[in-house]
Ligand SMILES: *[C@@H]1O[C@H](CO)[C@@H](O)[C@H](O)[C@H]1NC(C)=O
């Protein structure tokens, strides 16, 4: 470290290193925009048609645009928090949590970490549910083909596929630094764009063939009580919030940019490009899906059965399975590492925690550590059991979106910028920023309540672990 900082001080004279002593960064506005777009194009996109169906055309479109606008605004605030005290000449912070610590202090840093990591655990559950629904969709479509399109004999539990996914993830979890394999992110990007566009394509073919269902300008479903409608609309907002979320990795993306032109300027441009592209894809996917499936739009548009373009449904779901099996590790491995680091600092002399055993099968060498083996396995098992207990796609995704959106995408960026720009309490800018934060908090809480209400209702209908799609 010491060597690094000495070198860092002379960085200007060294073409290979940046001002913090790290290897010269090479990212541009295009690579940053690409990172943002791949972060927001995920399975969440497939839920937007359902969200649109709950909200109707006007509220649905407006909500997608408003969430995009708020995300753009707060992401731009966040771009100024990468360096501090000055946004162009200050010192770098490399992650979201470091930036929160530098601006708001140790306690907020802890709270931020707690929210981020509990969100991760939630996403592991959400990923497991999403993948298992894809497996069940494939199995169910196959079964219906055998039964001449009748659904009656084709109901399946998610549990076997969740157990299969858990076994796969237990193995993948043992591969250290799986998340740093560069072909993984490349593959993930292709897969997620693949299924997002398959979803759009499937909807468009249905519309073009004139088989689209009727839709409405204002809220959603007929034939259910208005309180049910309102709950669903709030869950829809939670789904949109989740689809938007990339605040957690925004600083990491900025940390890959080269330093001229100033990172915050480039990042703001990347935010605009990323969010405009994202909104176009969201509106296309949400709008086309709603126009194709009408008020009975399924939770995820690739979660359809009895469709005549069944091969598109198969292909899309295979893409989802491949994407999410990998994305799970990309997301969770940093969390594994942090827990292992903390535990080994706490018990530095324990063999169980620290000893590596080397095992060789032929030419392949493994290093096995008992604590790592057991703790990573336990993590996957617990996430999978929770997924089996509550395999409800939209409610689960909405709960995650609602919990993550306000604190990570709105609250922390706003509080940091208030400190950074020295905005005094009671002034107009302060009132403006805090009101935005307050409104977003209310929306987040309402969406979280609606999601919990929905989970409660679903659990009332199906006993835990007994749900069949
Ligand atoms: C983050 O920024 C602050 C303020 O400039 C600085 O003191 C701190 O060392 C930085 N943290 C890291 C880990 O670089």
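We number each residue from 1, going along the chain as drawn.
Including glycine, each Cβ sits where the backbone N, Cα and C put it.
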Of the residue ranges 311-331, 332-352, the one that TrEMBL records as transmembrane segment: 311-331
Residues flagged as transmembrane segment in TrEMBL, choosing from 247-267, 373-393: 373-393
Cβ-based contact of the transmembrane segment (399-419) with the transmembrane segment (431-456), 3 or more pairs under 8 Å: yes
Among 57-79, 183-210, 431-456, stretch most in contact with the transmembrane segment (373-393) (C-beta, under 8 angstroms): 431-456
Annotated stretches the transmembrane segment (57-79) and the transmembrane segment (270-291) touching (3 or more Cβ pairs under 8 Å): yes
Stretch of maximal Cβ-Cβ contact with the transmembrane segment (29-50) [cut-off: under 8 Å; candidates 183-210, 270-291, 431-456]: 270-291
Same-chain residues near the transmembrane segment (270-291), Cβ under 8 Å, at least 6 residues beyond its ends: 29, 32-33, 35-37, 40-41, 45-46, 48-53, 57, 60-61, 64-65, 68, 71-72, 75-76, 79, 196, 199-200, 203-204, 207, 212-213, 215, 240, 243-244, 246, 250, 253, 297, 301
Chain residues in Cβ proximity to the transmembrane segment (183-210) (below 8 Å; excluding those fewer than six residues from its ends, i.e. six or more beyond): 34, 38, 41-43, 45-46, 49, 281, 284-285, 288-289, 291-293, 301-302, 304, 307, 309, 312-313, 315-317, 319-320, 322-323, 326-327, 329-330
